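For reference, the structure is listed below as structure tokens.
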Amino acid sequence: MGYISMNSTNLIRPYEGTELNDAGRKYKKIGERLLREKKLGVVILSGGQGTRLGSDEPKGLFKIKGKTLFEWHMETIKELISKYNADIAVFIMTSSFTDEAVRKYFQSTDFGLKIQFFKQRNSLCVGTDGKPLEWYDGHAESPYGNGDIFNAIQQVNLEGIEALNVICIDNVLAKILDPVFVGAFYSDDYDILSKSVTKEEKESVGAFLMDERLKIKEYSENDAKGEGIQGNICNHIFKTSFIKKMKNINLPEHKAFKKIPYTISGKLIKPVKPNGFKKETFIFDSFEYTQKNGVMNVPREKEFSPLKNGMDSSVDNPVTCTIAVERHRIKTTIQ
């Protein structure tokens with residue numbers, strides 16, 4: 001077993017620094033042709049609230065430079081459609097915590113796109129004694145994690161769509177179906193191709209590793225150290241046929257020790273330290289069911305600036321995202 005680094009032979013490297021190399025230019029040319037020929041889709045994972053941003057609203061409604069995260073991603077999709085006359089289906093995965101507000105937002109904001117919504121399941125939150133935490137007339141719940149996409153997406157029509165680019169809502173620099181990525185995915189006939197950036201020390205991202213096959217270890221579960229280790233930015237392309245195959249496969253559950261609000265006799269309690277466990281499934285645990293999957297390094301400064309924290313943190317906050325947008329997003333989205 002070994003973590004994937006910049007020196008790994010099985011890492012796809014279409015960039016030298018921030019510029020495309022010969023392989024990258026080849027992939028881009030292939031991808032541009034395929035964007036004109038194929039019906040592709042994008043899934044935006046939007047089940048989370050902006051709790052760490054001091055808001056109970058869906059994270060996708062948070063604004064960077066006067067535009068919501070949703071708006072930044074919709075603009076990217078519209079640019080692709082305009083530039084390549086691309087046929088792109090748009091899907092948004094919500095949760096019971098975000099569904100109503102997200103749908104209401106898109107009803108009041110016309111992006112000129114046909115968007116389908118589907119909702120992931122919840123899981124019970126349990127206390128340290130293993131019993132479900134009380135929540136008024138029921139039990140406390142939380143979204144079941146991005147791994148529930150394989151079950152939840154069966155709610156929508158995927159007919160004719162060959163591949164789906166799955167991204168997290170919080171990365172304001174996410175390149176959706178960019179030609180380099182699409183070209184690399186089709187060139188080597190992957191079931192899944194994932195993007196990576198070189199991981200920074202103590203950065204809270206999962207790490208890619210090779211253990212008979214490619215895997216990701218979530219940041220809370222890995223001990224990745226060393227130079228050039230590749231971090232997960234939650235930007236994957238899947239064959240639609242693979243996603244359909246995963247429908248009846250149960251992914252492993254991961255427990256996270258969290259501060260979970262609960263009630264006692266109808267009175268709301270907001271704990272100041274972790275008091276229970278949330279159960280999640282992770283999308284990357286599907287990797288073990290692939291025939292072929294791969295990872296492609298991309299430049300962090302152009303493709304990864306997640307909004308994860310409020311201003312009480314010095315990283316991944318509204319200011320760092322604003323700076324990233326000003327430097328790299330406003331200039332051009334598609335290259």
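Cβ atoms here come from the backbone N, Cα and C positions, even for glycine.
On a predicted model such as this, the values are computed, not experimentally measured, just so you know.
A 10 Å cutoff on Cβ-Cβ distances gives LYS278 (UTP binding site) a total of 21 other Cβ atoms nearby, all chains included. Residues annotated as UTP binding site in Swiss-Prot, with similarity to another entry given as evidence: LEU45, SER46, GLY47, GLY48, LYS59, GLN120, GLY145, ASP170, LYS278.
What Swiss-Prot records for ASN146, LYS308 is substrate binding site, and it gives similarity to another entry as the kind of evidence. LYS308 (substrate binding site) falls within neither a helix nor a strand when secondary structure is assigned with DSSP, and so counts as coil.
With helix defined as DSSP H, G or I and strand as E or B, the motif 'Substrate binding' (45-48) counts 0 helix, 1 strand, 3 coil. Residues annotated as motif 'Substrate binding' in Swiss-Prot: 45-48.
Counting only the Cα atoms, the space from GLY145 (UTP binding site) to LYS308 (substrate binding site) is about 16 angstrom. The sparsest Cβ neighbourhood within 10 Å, among the listed binding-site residues (GLY47, GLY145), is found at GLY145. The Cβ of ASN146 (substrate binding site) has 22 other Cβ atoms within 10 Å, all protein chains considered. The 10 Å shell around the Cβ of LYS59 (UTP binding site) contains 24 further Cβ atoms across the protein chains shown. Of all the binding-site residues listed (LEU45, LYS308), LEU45 sits in the most crowded Cβ setting, with the most other Cβ atoms within 10 Å. Per-residue pLDDT, averaged over the motif 'Substrate binding' (45-48), rounds to 94.
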